[in-house]
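Per TrEMBL, the features are as follows:
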- 1-51: region 'Disordered' (REGION)
- 16-31: compositional bias 'Low complexity' (COMPBIAS)
- 38-49: compositional bias 'Low complexity' (COMPBIAS)
- 60-78: transmembrane segment (TRANSMEM)
- 84-106: transmembrane segment (TRANSMEM)
- 118-137: transmembrane segment (TRANSMEM)
- 157-178: transmembrane segment (TRANSMEM)
- 198-219: transmembrane segment (TRANSMEM)
- 254-278: transmembrane segment (TRANSMEM)
Amino acid sequence: MSGLQGMMSKEKSALPKKPSSAPKMPSSMPKGPGGASGSSSSADSSQGSEPTPAVGAARWLNIIAVLVIITVVTGSLVQQFGYGQPPCALCIVERSALVGMAIGPIMNLLMGLSPKHYAITIIAALVGSAASGMQAISSAEGTLVLDPNDIVMGIPLYYWALGICIAGILACAFILLWTSSYETDDEGLLHHGGPARVATFTVIGWLFSYVCLTIWQVLVNCGVSMCPANPASTGAQSVQFTFSVTRNGTETTIISIPGFITVLLALGLLSLLFGIILNRRMSKAEDKS
């Protein structure tokens, strides 16, 4: 019996011992590349923190690029509406190309950085360069009558358009060749709140108002047919914005250029209000989800 009990005690000692307690789970989730957990990263994204400094800088550079395009389009609209100049065929092509150049940065902002978006900007810039280059050649040959009102800061408007198009091509080439910001994991501002999204919606609304204004201008002056190639030589007139100020009941001052600039700046302020409201609604929807 004593031998049997010794054998049973040896078998019990050979069995694995039951652990005293279950292993404890970590109190926090593993941190991601940004140094925050998965839950906190989504919260930070909705509050406006950038994924990486490179992505944040790239977003604001894209916003600045759209603002530069808006500035050039503003100059052309002010010249035509302020002085009552009818649009020409190549002028509309140049303005459309400038708007097309803005599509690339806007898609970068909304959908994330991508080489395809830069390609859209390059294609639009090539079209704009061809149109403005044709105007420059026609002016040098004397076949294009240059209206004195088409000159801004001593430079004709088509030279401004040509410079912006060439600068856009060079900027996109530099970004694609010597930077890697588009290789980062960026979902775009549709899934990311903050000041950059407000600025993005602002420039989109501002540029869209310019597109609507251009379409209305073409329909009023040219109808469904093509606009004239050289309207200055025919003496044609267009819609002119005038703002009259009467002083002492007799003296009247006509304000065209400053008044129309004020109107365009008001469109920018309305676009800013649109951006703020849309960003707040999207942020509330993200918080609920």
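Keep in mind that glycine also has a Cβ here, set from the backbone N, Cα and C atoms.
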> Excluding the flanking five residues on each side, which residues at least 6 beyond the ends of the transmembrane segment (118-137) place their CB within less than 8 Å of a CB in that stretch?
Replying inline: 90, 93-94, 96-101, 103-105, 107-108, 144, 156, 158-159, 161-162, 164-166, 168-169, 172-173, 175-176, 182
> Restricting to the same chain and to residues at least six past its boundaries, which positions have a Cβ under 8 Å from a Cβ of the transmembrane segment (157-178)?
Replying inline: 65, 68-69, 72, 75-76, 79, 90-91, 94, 97-98, 101, 104, 115, 118-119, 121-122, 124-126, 128-129, 131-133, 135-136, 139, 150-151
